[in-house]
Amino acid sequence: MSWTLISGLTMTTTLRVRDLRVSYGPVQAVRSISFEIEPKAIVALLGANGAGKSTTLRAITGLQRPVEGEIEFEGRSISRITPMQLARAGIAFSPEGRRPFGEMSVLENLLVGAHTRPRDVAKKLDRIYEYFPRLKERSKQISSSLSGGEQQMLAIGRALMAEPKLLLLDEPTLGLAPLLAREIMRILREINDEQGISILIVEQNARMALKLCDYAYVLASGRLTAEGTGGDLLKGDYIQNAYIGN
Amino acid sequence: MSFEAFLIQTGVNGLILGALYLLMAVGFTLVFGSLRVVNFAHGEFYMLGGFAAYFTTVTMGLPAIASIPLAFLFVAVLGLFCERAVFRPFRGDELNGMIASIGLALILQNGALMLFGPMPLAMPPFAEGLTRFGSIVIPTSRLLAIVISAAVLAIFYVVMMHTRVGRAVRAMVQDAEVASTFGIHPGLVYPLGFALGVGLAAVAGAVMAPLFSVSPFTGHTPLLKAFLVVVLGGLGSIPGAAIASLAVGLIESYTATFYGSLAADGLILLLAVIMLVMRPNGLLGRAMRVG
């Protein structure tokens, strides 16, 4: 599936995952899934705890080597990518649990995000502070002293500093108050609109993710059980099935 | 010598010891943080720093001040080699990494014994003469030892806190997995952390060489004291290490002067035991993750 432009050129799919299988020893966490992310799209990967969502993300980042399958980013295979090559390739990752560098200030965390692209740091910082004014107020503060919501903003900001074309977000609203979670979602939409960054978001909070995303895939026990636009899935009972079981 | 001058002289000696322990403890902590290896060979790199200083100044006739960067460079390069040959096979294996470091310590010490013999070598001081502050008189060589140590620690601090490389090392120490997704290579940071850490030990060895002596056996005491400083200050805490180093240096100097060095060593070990019982994470340390 690719979008044909008026000029006749085809725009390559941002991310294409085919027949991905990932195991931890004898445990099969992901059993052959395939999905795609079109350029500038927000795609959600939904499912209950242990469905294989985070494992899929870890396979894309190179943190977990897949047993089988093909992962392509902008037409090039990244199935054997190492995490160290990720940022340079144009993918940034906000991990589950946010994981700020706890003994560093907010500003230092953001600077580490720009490790592979240290040019125009001031401009990039300004833009991130526009999305997250709270981070600017706390820029000198040690990141472990931030609230959960602020740490999430920092994790997203740190990822954006790498100037990615694809942003991978693992459970960005986990443990956040609903109001704050909605605020994060709103800003993600803004980032997507303004910068054209594709986003792959893994969430347990299905309703909120479906409102945000253009397209979603539902995972259960390591398999895809449903897919569709956010609106379609919100109407159906796929989600309930995925979380509660048939 | 008046009693006051005597007290001040003892304090200066305490500061020198404090600077020595701090250089050792900071390097030791850096190696532990970046490689997760308790480096029992750290004292041997101190010893080699002393020999490097001796050969550059006494044998080659270079100025004393040049011996310090040269000792750092020589030992840092040796550190790169040791990291590659000894520690890389045990990456992620803390226990065997530690045992390998004990082996490395034996090799380095006995290697030095074979090459240089057991006799302690004496090195001339950095400078002759005395420096006067009003009525207080301090040997210039001792003052220089403190100033040079402070300068090296300041440079180290700036590199770690305010450069891209320093940030990368710290990020790797704090969360290797996340740091790697931002393009920071563990394969570069591990050798760098080790080389810098043992380089600091070499600086300590070079600075202290004129004050003490140079022999294959000089590494033991600084290593032991670095351990104690790390226990007292908290592993991984640089401010904790700074406070603990100065405290240990001053306590040792004053106690040794008035009650003998046996009492001084006993008192410091007692303090370490009390700290382990009362505050196992040290003065400013954070909780340690085991395994």
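Placement of Cβ uses the backbone N, Cα and C atoms for every residue, glycine included.
Record features, source TrEMBL:
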type	residues	note
TRANSMEM	B:12-33	transmembrane segment
TRANSMEM	B:45-78	transmembrane segment
TRANSMEM	B:98-122	transmembrane segment
TRANSMEM	B:143-160	transmembrane segment
TRANSMEM	B:188-214	transmembrane segment
TRANSMEM	B:226-251	transmembrane segment
TRANSMEM	B:257-278	transmembrane segment
Best-contacting stretch, by C-beta pairs under 8 Å, relative to the transmembrane segment (B:257-278) and drawn from B:12-33, B:45-78, B:98-122, B:188-214, B:226-251: B:226-251
Same-chain residue ranges lying at least 6 outside the transmembrane segment (B:188-214) that approach it to Cβ under 8 Å: 16, 19-20, 23-24, 26-31, 33-35, 39, 42-43, 45-54, 64, 67-68, 71-80, 82-84, 87-88, 91, 120-126, 141-142, 145, 148-149, 152, 156, 165, 168-169, 172-173, 179, 222
Best-contacting stretch, by C-beta pairs under 8 Å, relative to the transmembrane segment (B:143-160) and drawn from B:12-33, B:45-78, B:98-122, B:226-251: B:12-33
Same-chain residues at least 6 beyond the ends of the transmembrane segment (B:12-33) whose Cβ lies under 8 Å from its Cβ atoms: 39, 42-43, 45-46, 138, 142-143, 145-146, 149-150, 152-153, 156, 169, 173, 193-194, 196-201, 203-204, 207-208, 211, 222-223, 225-227, 229-230, 233, 235-238, 241-242, 244-254
